[in-house]
Every structure is written in structure tokens, then in C-alpha cells.
Amino acid sequence: MTDVTVKQLSEVVGTPVERLIEQLGEAGVSVSDADQTVTEEQKLKLLEHLRKSHGKSSAAGEGKKITLRRKSTTELRVTGSQGRAKTVSVEVRKRRTYVKRDEAEVAAPVEEAAPAPVLESKAAQIAKQVEEERKAAMDASRRADEERKAAEAARKAEQERKAAEEAARLEAEEAARREAEEAARAAEPETVAEAVEAAVAPPPSDAARPARRRRGPKEREDEKGGRREELHVASDKRGRRKGKGKGATRVAAAAVASKHGFERPTAPVVREVALPETLTVGELAQKLAIKAPELIKSLMGMGVMATINQAIDRDTATLVVEELGHVAVPMQVEDLDEELAVATAEPVGELKPRPPVVTIMGHVDHGKTSLLDYIRSSRVASGEAGGITQHIGAYHVQTNRGGITFLDTPGHAAFTAMRARGAKVTDIVILVVSADDGVMPQTIEAVQHAKAAGVPMVVAVNKIDKPEADPDRVKNELSVHQVIPEEWGGDTQFIHVSALKGTGVEDLLEAVNLQAEVMELKAPVEGPAAGVVIESRLDKGRGPVATVLVQRGTLNKGDVILTGQEFGRVRAMFDENGKPVKSAGPSMPVEVLGLSGTPNAGDDVLVLEDERKAREVALFRQGKFRESKLATQQAAKLENLFSQMQEGQVGTVNILLKADVQGSAEAIRDALEKLSTDEVKVKIIAAGVGGITESDINLAKASEAIVIGFNVRADAGARKAVAEQEVDLRYYSVIYEAIDDVRQALTGLLSPEMREEIIGLAQVKDVFKSSQFGAVAGCLVVEGTIKRGNPIRVLRNNVVIYEGELESLRRFKDDVNEVRAGTDCGIAVKNYNDVKPGDQIEVYQRVEVARTL
């Protein structure tokens with residue numbers, strides 16, 4: 001067997017070179033360099049020394065064991081649960097134990113004195129065994145050396161081949177490595193499972209140990225079946241990443257088996273999408289987990305033009321969701337209003353009589369407020385602008401027969417909604433009809449409101465003191481509308497009164513009380529209050545003020561109330577005379593302070609125990625109102641898509657409206673919007689209650705709007721802004737004037753109408769030929785005047801056969817500008833020679849006529 005160097009021997013026995021040189025020195029072998037050769041005799045000498053160092057002699061220790069240990073540590077980089085790389089230390093421990101084969105044969109006791117031939121034979125046996133061991137060790141060393149050299153040569157050839165492949169592959173992977181910087185920083189083995197498996201696998205035989213060495217990730221990948229030659233989607237564009245497994249052999253095998261394929265879903269993902277009443281396109285795309293442009297494309301395919309922030313209704317959303325293959329489910333929103341209705345159901349308590357609520361209705365200027373003025377013994381009408389009522393007045397009057405709550409409604413046509421609200425909350429309607437005017441349009445409307453509300457009527461025939469008064473005429477006209485007097489067999493009381501002199505007022509109150517007794521009006525006094533908003537306004541010093549009519553229960557100062565979209569705690573209450581009150585019972589009108597905003601007239605008022613619940617319901621109602629408003633606006637946009645293209649041809653008057661109370665703002669807004677036509681439109685930019693502020697002026701300037709203040713004024717900042725920005729600001733106290741001014745502004749935007757006016761008619765008597773004009777008609781002017789330069793029509797049997805213009809007008813060979821009736825003339829028609837006797841030539845002119853609404 002060939003000699004080996006110290007370095008090779010250290011690899012065979014698994015001992016560091018420095019330690020082996022030290023052991024050789026202790027055994028008496030002089031070695032100073034790792035490349036120095038060690039002979040077979042020196043190896044045996046070292047073996048003998050090692051045996052002695054373990055407390056064994058050459059003879060006694062031959063039957064004992066020798067153990068060799070080896071420990072190696074490697075580091076692996078693995079990906080953690082959050083995608084971060086971490087280093088794991090892997091320690092491999094190996095142990096080899098060598099036992100002499102014929103242990104029983106050398107177990108003879110040393111103390112016995114053996115004969116000399118036996119000793120010699122034993123010595124020969126030992127020498128023979130040592131020689132066999134030496135030869136076996138030399139053979140094993142030779143084979144290991146040959147295997148190592150062969151493996152080294154194969155490794156070098158493989159490395160050269162793979163280096164060329166690696167260079168080509170790196171070129172192709174450059175783009176992927178730039179996108180996956182995190183993958184490029186982490187260099188891991190192909191799988192953690194392989195590394196762990198290699199670390200804990202049973203070690204090979206001792207003879208194969210020299211050929212074992214730590215291989216790099218590239219070499220392990222080479223031996224596992226070849227390098228990847230292409231990039232794969234399944235590897236997430238990270239061709240340099242190796243770590244995929246969790247440590248188990250089965251998982252690693254499955255990962256290796258499937259890492260070269262595309263991972264595609266086996267079935268389409270079907271989602272259940274909960275849809276509210278309205279939602280934007282962006283919100284729907286988020287629910288569907290798709291990009292908004294794809295959803296917009298689908299909507300366009302269905303004929304719906306929408307942007308990402310545009311709202312669509314539930315029906316449209318359902319159609320597009322089903323078109324995309326998903327399931328649409330209507331969102332079940334918890335209806336807080338229903339819960340509130342159950343929680344605030346009418347309390348069961350002792351019912352006590354309550355005063356009647358009486359609404360005075362009728363045509364404008366028929367004396368409604370004057371009648372109430374006489375009853376209240378105050379001058380209410382003098383305080384109304386123009387002597388007409390502009391909003392509902394609620395008053396509680398004590399009479400000799402008990403209390404009565406009166407509601408005075410406007411009679412003007414613009415206040416239809418106010419009268420409808422008055423009929424809704426009332427018990428009895430007093431219909432005031434002027435004895436001299438009779439039944440008028442608003443009188444008929446008041447009858448319809450009362451019948452729709454199912455409220456009994458008492459007719460007050462007013463102005464009975466006038467000489468031209470005719471009460472029977474009123475009865476006849478009302479009977480046409482099924483209002484039959486009692487004396488005619490009906491059920492309606494007719495009372496003749498004079499609001500100016502007080503005639504018949506007591507009889508009217510008696511009739512009201514009689515009707516109230518028949519109705520047996522009762523309401524619970526105890527418990528939380530409920531009522532309705534009669535009117536609301538924004539007071540500069542006190543904030544939102546609402547006139548509330550209590551219908552049941554008792555409203556106390558400090559109660560938490562909810563009305564429409566507003567809520568708040570009652571900070572103060574005042575009666576109709578402005579005196580503070582602490583509580584109000586059924587049928588009592590009071591002004592309430594402390595709401596979060598001005599509620600709409602007609603909203604229900606409820607008292608709640610919890611302010612948090614009131615806020616929750618108010619916010620819920622605001623959300624519903626916003627959704628419905630958004631849906632309405634969107635529907636209008638979609639319906640008017642083509643009309644908006646021609647919007648430049650439509651004249652528009654922009655109005656910013658501020659009024660003293662909510663009802664007046666609503667009435668004026670409705671009246672102004674009714675003035676719109678197909679050619680001119682009134683656009684209300686904003687409408688509200690309260691004084692005119694600087695922000696209102698800025699808004700009006702930006703939108704080029706006219707600012708209308710109805711019973712309100714601009715503050716100092718607003719007046720300064722008006723002067724600087726030259727905004728048109730107008731104050732009104734009578735609704736007629738506001739409507740008339742806006743109507744005039746709209747009239748100015750109307751394009752003038754072109755009308756044709758016939759100015760002359762001539763009868764053709766004969767036709768002459770002219771070398772200059774061709775056919776010339778000799779005519780007699782029958783009507784009007786024939787003028788040169790005006791357009792004409794040629795009529796035959798009263799049918800127009802030609803339209804053109806006069807080319808020449810002559811009288812006795814002289815050119816003239818006009819010819820009057822009864823005079824002969826010659827008329828040459830331009831570009832027309834088919835004039836015949838008996839035809840008529842009609843001369844007309846186009847006149848611009850200003851249009852009115």
C-alpha cells in the first residue's frame with residue numbers, strides 16, 4: 001500500500017492536522033509538515049501509542065474497543081413566517097467504534113505461566129493478525145484515495161459544465177432578479193428538507209469517508225436532476241430562491257414535484273355581494289375584488305355610462321354583478337325608524353280632554369288673519385307684510401268655553417304645502433269665504449285638503465257687512481264641491497261673520513266648541529311627548545327655533561327630542577306670546593330651542609330617554625336622505641344626458657334663496673321652479689333659513705346667481721362682499737314681488753319671436769313680357785301697401801305656389817318704393833316667370849315680438 005501524507009491521514013482518521021502531528025510526535029515519529037509522508041511502520045507505531053494512551057497494553061488491549069468521533073457544523077438560511085430570512089445552525093455528529101474480531105481467543109489470564117511453545121504460537125498469531133489489519137488498512141486507504149481522485153475529477157468537470165450553464169442562465173434571470181430583490185439577497189438551499197435530511201441521515205461506511213465533503217447549493221441542485229432552464233410563474237418570478245419546504249421529506253418531495261407547473265384555479269370564484277340602496281362604482285368594484293375600469297367596461301356594455309365616483313342604484317348594481325357571474329344579495333339595513341316606532345308607541349294611560357286644534361283656511365285676502373285677530377284681540381294682521389300671512393301662525397286662545405289652538409295658514413297659491421300640513425295636524429277646519437268674492441281657487445283647494453285629511457269643516461262666511469255680500473251665492477258654489485249646509489240637509493255649519501265688526505264671532509266659537517264636543521277629543525297627558533313641527537327658523541341669537549304642536553304627553557324643559565334629521569335637548573320653551581314655559585301639554589303650541597339644526601315643517605317630534613339613541617337615529621336618517629338624494633340626482637343626470645348636450649341653448653337664472661322660516665323658503669322655491677319652461681329655467685343654487693352671510697355672497701358670485709332675501713337681511717361682511725363683487729342682492733317681504741321679478745328676468749332671457757305680418761295684397765290683371773325682367777305682372781293693389789324689398793308670396797286659388805322677393809316695382813314706367821291700395825302697378829318677381837292673370841301677390845314683413853311667460 002502506498003504511503004500517505006499527514007494531511008491525507010488526518011482526513012482518513014477525522015483528526016485535525018495539528019493534533020495528528022502532535023500525536024505522531026508523542027509516538028516517537030518526527031513529523032513537522034502536513035505534506036510529509038507517513039509510512040506503514042509509523043502508522044503502526046502511532047496506533048500502538050494511542051492504545052497505550054487509553055490505558056491498554058499491546059497484549060491486554062487487543063480485545064478492547066477504539067472509538068473515533070467527528071463533529072461538523074453548517075449554517076442554513078431559511079425563510080420565516082413573515083418572509084424574512086434567518087440563519088439556522090445544523091450540527092452533524094458522527095461516531096465510529098472499532099472492535100477486535102477474535103476477542104474470546106485472547107482472553108487467557110496473564111497470571112498463568114504458559115509453556116514456551118504456547119507463547120510462541122500466540123505471538124505468531126498476534127503478528128499475523130497485526131499484519132492482516134495493516135494490509136486491510138492499506139487496501140482501504142488505497143481504495144479511498146482512488147475514489148477521492150475520481151470524485152474530484154468528476155466534480156471539476158461538472159463544475160466547468162455548470163459554470164457555462166450558469167452564465168447563460170444568469171443573463172436570462174437578470175430582469176427577474178431586479179424585480180425580486182428580496183429573493184436575490186436570500187441564498188438558500190433548494191429545500192430546507194433536503195438539508196435537514198442530509199444532516200440526520202445515517203453516515204456511510206468508514207471507507208467512504210474521504211470522499212464526503214460539504215457541497216454547495218449549486219452542486220446539490222445539479223445532483224437532484226438538473227438545473228432549471230426557464231422561468232416559471234409558479235416560482236413567483238424568483239428563480240434564485242431555493243427554500244420552499246418546512247423540513248419534512250414528504251413536503252419537500254411534493255414541492256419539488258409541483259414547482260415546475262402553473263397553479264391555476266380549478267373553478268371560477270363566485271362571490272356573494274351585499275348591495276345597499278345606492279353605492280358608487282368604486283365601492284362595487286372593491287366588493288367584487290376587481291379593478292374599477294373592468295367594472296366600468298361592463299357597465300358600458302350594459303348601456304350605463306358611469307365614472308368611478310358615480311353612484312348607481314341597487315337594481316343596476318344587481319344586473320352588473322350577475323353579469324360578472326357573482327351573486328347579488330340585498331343588504332338588510334337595520335331600520336332604526338321601525339325600532340323607534342315600536343319603542344315610542346302611544347302610551348296607554350289615562351285619557352283626558354284636550355283643547356281642539358283649529359286651522360283657519362281660505363283664499364288670500366278673504367279675512368282669515370283678521371278673523372283670528374279679532375278672536376285674539378290683537379293686531380296680528382298689521383304685522384304681516386302686505387297684509388297677507390306668509391307662514392303658519394300657531395296661537396292658543398282662552399275663550400269662555402275653554403281653550404282653542406288656532407293655526408293660521410297662508411292663502412296664496414304658493415303655500416299649498418303649508419295648508420296641507422295645517423290640515424294634517426288639525427281637528428277642525430274653519431273655511432273662511434268672502435261673501436262678496438265667493439268661492440276662489442284656494443277655497444276649493446282648502447276643501448280638498450280638509451276632505452283628504454278627514455277633518456270636519458265649519459264655514460265662516462266673512463265680510464257679511466259689505467253691501468255687495470251674497471251669502472247664498474257662497475252656499476251654492478260650495479254645494480258644487482259637496483259642502484252642503486245643515487239647513488239644506490248637509491252636515492256643515494255655515495256661520496255669517498264680520499271680522500271687522502265682530503259680528504257672528506261668538507256664534508263661530510260656539511260652533512267650533514260644539515263640533516269639538518261631538519268629536520270627544522282626548523289625549524294622554526302623562527308620559528313622553530309626541531308632536532309635529534309647525535314651522536322652523538334660524539334665529540341669529542338663539543340658533544334653530546322650531547314651533548312644535550304637542551299632540552300627546554307632556555313636553556318638558558330638558559327633554560331629549562328627535563325630529564326628522566335633527567335632535568337635541570330642549571334648552572328653553574316659549575309660548576306664542578314669547579313668555580318662557582317649563583312644560584306644554586296636548587294641543588299646546590310652543591317654540592323650542594336647542595335642536596342641532598332647523599327641521600323641516602311637518603316633521604314628527606318624539607321625546608327619547610337617551611340622547612345617544614336620538615343621535616344614532618338622526619345620523620341614520622341623514623344617511624338615508626343623502627342616499628336618496630344622490631340616487632335622485634343621478635337618475636336626473638342619466639335621464640337628461642341628451643338634454644344636457646343642448647344646455648348651452650337654454651337660458652338659466654340662478655337663484656340663492658334665504659328666508660326667515662323653513663315654510664316660506666319651501667313655498668318660494670316651489671313657486672320659482674314652476675316658472676321654468678323648455679327655453680328658460682330657474683335653478684335654485686341654495687335655499688335656507690337665516691340671515692345672508694358672506695359665504696352666501698361668495699357662492700352667489702361663483703355661480704352667477706341672484707341673491708333673494710325674504711324677510712332677512714345681509715350682515716356687514718355680506719354687504720361689503722356685495723359691494724366688492726357686484727352681486728345682485730334683492731330684499732322682499734311679499735312673495736308676489738319676488739315671483740314677478742324672477743318672471744321678468746326669465747322673460748329677458750327668452751329669444752324674441754319672429755312673426756310674419758301681411759302688409760299688402762295685389763291682384764294680377766295681366767302679364768307683360770319685358771326684355772329686362774321677363775314676365776311682369778300688371779296688378780291692382782287690393783289691400784294695404786306693396787313695398788319694394790319685402791318678401792312676397794304668389795298665390796293661385798289661395799294656395800302658395802312661390803315664395804321670393806320683389807325684383808322691380810313700377811308705376812307708369814317709374815320705379816317707386818311703395819304702392820298703396822286702389823292703385824295699379826307693375827310687379828316683376830325675381831327668378832319667377834310663371835305668373836298668370838288671376839294670381840295674387842302677397843307682400844309681408846317679419847316682425848320681432850317680445851315674448852312673455
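Using N, Cα and C of the backbone, Cβ positions are placed for all residues, glycine too.
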The annotated region 'G2' range in Swiss-Prot, which must be one of 387-391, 397-401, 552-556, 677-681: 387-391
Binding-site residues compared (G362, D365, K368, I464) - the one with the fewest other Cβ atoms within 10 Å: D365
Integer average pLDDT (0 to 100) for the domain 'tr-type G' (353-522): 76
Coarse DSSP state, helix versus strand versus coil, of D365 (GTP binding site): coil
Within the region 'G4' (462-465), residues counted as helix, strand or coil by DSSP: 0 helix, 1 strand, 3 coil
